[in-house]
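Okay, so here's the structure we're looking at.
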Amino acid sequence: MAEHDYHEDYGFNSFNDSSQEEHQDFLQFSKVFLPCMYLVVFVCGLVGNSLVLVISIFYHKLQSLTDVFLVNLPLADLVFVCTLPFWAYAGIHEWVFGQVMCKSLLGIYTINFYTSMLILTCITVDRFIVVVKATKAYNQQAKRMTWGKVTSLLIWVISLLVSLPQIIYGNVFNLDKLICGYHDEAISTVVLATQMTLGFFLPLLTMIVCYSVIIKTLLHAGGFQKHRSLKIIFLVMAVFLLTQMPFNLMKLIRSTHWEYYAMTSFHYTIMVTEAIAYLRACLNPVLYAFVSLKFRKNFWKLVKDIGCLPYLGVSHQWKSSEDNSKTFSASHNVEATSMFQL
């Protein structure tokens, strides 16, 4: 895909026949592995993020600042996964969609990468404020909602500006086959440094600091809500690290050790870790919606409204879920300070 061009000549032509054969085997493997991975992420991400959008807009109706951020998160991931079929086709065959489409998809990919990561950071900061400064957050809900909408807009604008180099320098190149990418080493270095800072290290540092304080605060709270919140926090951190750290470490190694470009095993590692990183588009709906009782309640409402399951078969389960949700949401202040709504 746009992150790494596996068909570029990194010195393989100067190696022996054995190295050439290994590289050809790798290219054949990438033609199968990457398109399959892209299509799996596309299908799962399309269904999951569409559900989150529909339920958030038409059922939950943006009642909190977290909801404002959560609408932008699946929207960014939804646009991202819609580009994957194009990359899957290009991985199997070659780029046949033209230069304008190439620039557009490179821009969409990059914009949504930054947008998703910055939104995750904003959600983390919001949870920090709600948990650590609960009373102040509750008394300033109107201001926080306005701040959230302005911040969401700024995130999209910043992401667009940061993505301009890839949009401008993105092009179609004719190597062994037509590929879409950007082919300027200076631009690639700048883009990589910016991406590593905004897309990984800054969110990671923010999440570590904020969640450390959140955990310390919740450990003094006690009760069921404390344990539930800690589980969600650890899940968020674990999935973020497991999906993003391997690929970002490989990109860092790639930018500082050019000798690895001639190693087929390095290309395998880059490809696999890249695919794992894209799984975030599927996992985000699970992390930020499916663990919520409110979401499950609204999901059963959606199922009932569209009639995709027999009414008698789900009515009792939906009613039970609704009653449980009412029980847990009896105290607005408890819910607002618990991370539980995530």
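Cβ coordinates are placed from backbone N, Cα and C, and glycine is handled just like the others.
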Please verify against Swiss-Prot: do V68 and I270 share a side of the membrane?
-> no
Between the transmembrane segment (104-125) and the transmembrane segment (188-215), are there three or more C-beta pairs closer than 8 Å, counting only pairs 6 or more apart along the chain?
-> yes
By Cβ distance under 8 Å, which residues at least 6 away from the ends of the transmembrane segment (144-164) in the same chain are close to it?
-> 64-65, 68-69, 72, 107, 110-115, 118-119, 122, 126, 129, 137, 194, 198
Determine which residues of the chain contact the transmembrane segment (33-59) at the Cβ level, with the cut-off under 8 Å and only residues 6 or more beyond its ends counted.
-> 1, 67, 70-71, 73-75, 77-78, 80-82, 84-85, 87-89, 91-92, 271-272, 275, 278-279, 281-282, 284-286, 288-289, 295, 298-299, 301-302
Would you mind listing the long-range same-chain contacts of the topological domain 'Cytoplasmic' (60-68), meaning Cβ under 8 Å and 6+ residues beyond its ends?
-> 123, 126-127, 130, 141, 144-145, 147-149, 152, 294-295, 298, 336, 341-342
